[in-house]
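Heads up, the thing below is written out as structure tokens.
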Amino acid sequence: MKVSDIRSKFLQFFESKGHTVVRSSSLVPANDPTLLFTNSGMVQFKDVFLGTDKRPYTRATSAQRSVRAGGKHNDLENVGYTARHHTFFEMLGNFSFGDYFKRDAILYAWELLTKTYQLPAEKLWVTVYAEDDEAYDIWAKEVGVPAERIVRIGDNKGARYASDNFWQMADTGPCGPCSEIFYDHGPDVWGGPPGSPEEDGDRYIEVWNLVFMQFNRDEQGNMTPLPKPCVDTGMGLERIAAVLQHVHSNYEIDLFQALIKAAARETHIDNLNQNSLKVIADHIRACSFLIVDGVIPGNEGRGYVLRRIIRRAIRHGYKLGQKTPFFHKMVADLVEQMGQAYPELAEAQSRVTEVLKAEEERFFETIENGMSILDAALADLKLKGGKTLDGELAFKLHDTFGFPLDLTQDVCREQEIGVDEAAFDAAMNRQREQARAAGKFKMAAGLEYTGDKTVFHGYEKLELPQARVTALYVDGAAVNAMQPGQTGVVVLDNTPFYAESGGQAGDQGVLKAGNAVFAVTDTTKIQADVFGHQGTLEGGALKVGDAVSAQVDAQRRARTVRNHSATHLMHKALREVLGSHVQQKGSLVDADKTRFDFSHNAALTDEQIRRVEEIVNAEILRNDDTHAEIMPFDDAVKSGAMALFGEKYADDVRVLSIGTSKELCGGTHVHRTGDIGLFKIVVEGGVAAGIRRVEAITGDNALHYLQGLDARLNEAAAVLKAQPSELVPRIGQVQDQVRALEKELERLKSKLAASQGDELAAQAVDIKGLKVLAAQLDGADVKTLRETMDKLKDKLKSAAIVLGAVSDGKVSLIAGVTADATGKVKAGELVNFVAQQVGGKGGGRPDMAQAGGTEPAKLPQALAGVGEWVAGKI
């Protein structure tokens, strides 16, 4: 039974039992910053289990794409060296949200395994939590599993409810016993049943875990029965495939065998049992699907984990002798294996391939040097009998050659060498401290505040006649009063000032209280809902408790909101022009411009930029209303609002609809698209592999920019004596004229060289039968010197010649020696003799050599000594 059949039969079975088939969620968990990657089937249902989300179904089944690499759940170092560890895997699961419970969950599992998959019942063992008599009785009395194949597992991890058979989401919250199903590979494989001293052997392999959430655990450890118990099960697709295909290792199943053959093809390896091929086959799945879900190789967070996995795959290819990019070529093979089950992979094939290729090319530039240093260090360490690689060297490999620590550890582990992680961490921390010391932190960061939250009124108004000062800070410390000339932070109970958030810059403006005037230069958040107004008290005194009027700089805000609203329209347009893979990776919106970073693997063409501009300006011309609405997060996503990967959103979110764009956004915006006025992209470039950046301007800024371009166009046309509309053909004419003049100049230089050759030949001096000439040619370039040298050597027949010239304060030298004299006089030595006297050096062949110098005043004297130097050589 193929992997694809196993997957589809699982989903079809549970669909026939009234379950809704739910598509795999993204590998980047939505609305959960605590989790690096989706690592199990229950992640997308977490809020349902917690009771904070409701679905239109109470039974669900899924095949969930999962990754365990980095963070708490990290299998990376074992991948390729064991039979069942993977960075990427698929988790088959069925879920009950207050619907069925233990009995049905157990009966469903047994029916699927023994009837649908036709596994021999006598090969299956089960475990239950020691105190879960209910589950035990179902297995024994209803299913009919013999008592000798049912194992009770108690609290075997040193604490109450700390057990392999008791599942907890966290220290508090939903929890409950679980029942695991094991497959017995038979006596030919070493190992004992679960719960025995030999349980870590490979004979008994866990294939399915049935979790019964029936309690809520409080902070004191008390267990309270849940009003609606739930079921969460998980079965690794790769594991059950190995069982059903009668192989012992996951890497022997059909899907992996196809990928291993592809890895062997690209690395030109015949032996398919190499561990490195398994690593590469595993890693192409993780890397490809992470890129599909919007992760881009980078230096932090999810992007860094992706980069580590890519570079580990490259290193294993390098180990097999592959010295050029190969990894990206396997994407097509992966699409062939998994593209039907996951159409999003097939749709993103080109983008995934190009992102991987760019990352490969980048790492292949440094891997050879890095590996040479590491191999030499390991050889030296072994020679000295050492067992631990210096952490400072590991950090150098990380910092200079892009070797993640676990890649270095991987190489060392193969040679039974450890790495001094403490020294590595110390070096890393030193670098971070240096970077931190060099950085400048905003004044509002780290201020202690325990007062009321700030109420924001800036969506509706730019001025408040009265607000109360709730806190003042000078030099980072809370004060009761601020004096004239002091710079600090003012916190208000109410404000129209927008605090920097979501990429939008904070407002500027003024606070007034009697004769006190506080000029606000920036607004940031001290806490989530506490706004710090940064600036300087220009006059009067200001105290905590004072009533102030607050007025935002209206012109600056207007420019900022134009840019912010245009960013939304541009984001939508970029997705329309480039594809749905475009995702925001960063933004900065202020009064001057909008800067937008997004995922894309190639520079935008001029035509693509024009198309984006046309789409945005068409939205502006339609002059549609802007509409903001507060709604529950799930309702917002269901309505089509775009949410950013990895962002943490509140239960209720603000949905901004502007033109055809709909996004979650808490920023300030125009009332109608026409208020933006005009949109123009002014910069496009790359900031990292797979990340592009555009900068754009709007309104009067865009108008002034275009007026400036128009003025420069008219100026250029005037210089060339043409109308602006005739500028391009006129430039073509000028270029043709320049090329003709350059050609004529070269002809004249050649003619001059020929005439100079005749004149200079007469100046040659005979020294012991060899013609010797040293001369300075004013105004000659290197090409002229070389042509003159060729003519002189041809004319003098047997000669040693040095020619020099001065241009832009630098000396150019060329030396030539005819073939009959190179046994005694070498052109390289001759030119170096002269060059050293004019502040330079040079060299070349025995018959022709060049040099340069920086001291032109010494050239005549240096040339004058050539005759004596040659005489000393012959």
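Cβ from N, Cα, C; glycine included.
What you are looking at is a predicted structure, and each value in this text was computed from that prediction instead of being measured.
Listed in Swiss-Prot for this protein:
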BINDING   HIS564, HIS568, CYS665, HIS669  Zn(2+) binding site
Checklist entry - Under DSSP, is HIS669 (Zn(2+) binding site) helix, strand or coil? => result coil
Next on the checklist: Quick check on the binding-site residues HIS564, HIS669: which one has the highest count of other Cβ atoms within 10 Å of its Cβ?
Outcome noted: HIS564
Checklist entry - Does anything in the same chain, at least 6 positions from HIS568 (Zn(2+) binding site), have a Cβ under 8 Å from its Cβ, and if so what? => result LEU656, ILE658, GLY659, SER661, GLU663, CYS665, HIS669
Checklist entry - Near the Cβ of CYS665 (Zn(2+) binding site), how many other Cβ atoms are there if near means within 10 Å? => result 26
Item to check | For the Zn(2+) site built from HIS564, HIS568, CYS665, HIS669, further residues of that chain with CB within 8 A of the site's CB center | outcome: GLN504, VAL561, SER565, THR567, LEU656, ILE658, GLU663, GLY667, THR668
Checklist entry - For HIS564 (Zn(2+) binding site), what is the secondary structure state per DSSP, taken as helix, strand or coil? => result helix
